[in-house]
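Taken straight from Swiss-Prot:
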- 4-24: transmembrane segment (TRANSMEM)
- 39-59: transmembrane segment (TRANSMEM)
- His144, His148, Glu224: Zn(2+) binding site (BINDING)
- Glu145: active site (ACT_SITE)
- 159-179: transmembrane segment (TRANSMEM)
- 199-219: transmembrane segment (TRANSMEM)
Amino acid sequence: MKRILLFVLTNVAVVAVLGIVASLLGVNRYLTASGLDLGSLLGFALVIGFGGAIISLLISKPMAKWTTGVRIISQPQNVDEAWIVETVRKLADTAGIGMPEVGIFDGAPNAFATGAFKNSALVAVSTGLLQGMTREEIEAVIGHEVAHVANGDMVTMALIQGVMNTFVVFLSRVIAFAIDGFLRKGDERSSGPGIGYMITTVVLDIVLGFAAAIVVAWFSRHREFRADAGAAKLMNRKQPMINALARLGGMTPGELPKSMAAMGIAGGIGKLFSTHPPIEERIAALQNAPL
């Protein structure tokens, strides 16, 4: 749950900052000057909602490097690092994408891919993964991450998050306007949004943001099945990915920051907020999927 919480808070924080800046610029007063202007509110919600998602996408790679302490392999220092870089290169070529940055981070078994663009992504694996898996299994995990990049999952999830952000911003302000109007009923001296509007907006942005995260996590779980199948296709065989998943099922997966959880190989523990399906479901789906 810690990973999911950070993922939600990162997105909510960006949207909240944009909302506060808009309030300071007088946008709320404009939207409610003569009753709630739903058309203008929808435009405002689209700008804030997709603005927050796009900003989160654009800063995803530097944020990943900072939060995980990943060490970029610019020049391999040993045989293992050289093998990792060459494996990423081979799989990226097969997938038809540009060579990603390659990195290693300390921690329990996990891996992730991130970045705003297919041809300038980052693929990183943990030291725990490298120590606990065979090279064939590691290659399958790397293939899973490369498949995320090739499938455009970072952009897809950002667009989904943008839609959900728009819903949150729009609905929270409609409800806040109604509550504020009820609280100030009969107060003809006041104009523009009151304190009730401000407080309700902030609270609902957070509450609805968590509800939206459940929807985003549901989409993420479906993308995981595609990435598993993508890894099998890149290697032209299913068994390495099946073996890697089975081994992960017997390990304690490492925690990733929530902002990148959907691009990791190991999932969270909460069913509603989990960005990854259960291991047994992923294995069964891969076994039944066409190669």
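Cβ atoms here come from the backbone N, Cα and C positions, even for glycine.
According to DSSP, Glu224 (Zn(2+) binding site) sits within a helical segment. Counting every protein chain shown, 25 other Cβ atoms lie within 10 Å of the Cβ of Glu224 (Zn(2+) binding site). Outside the transmembrane segment (159-179) by six or more residues, the chain places 11, 15, 19, 28, 31-32, 36, 38, 41-42, 44-46, 48-50, 52-54, 56, 193, 196-198, 200-201, 204-205, 208-209, 212-213, 215-216, 219 with a CB less than 8 A from a CB of the stretch. Note on Glu145 (active site): other Cβ atoms within 10 Å of its Cβ, all shown chains, come to 28.
It is 10 Å from the Cα atom of Glu224 (Zn(2+) binding site) to that of Glu145 (active site).
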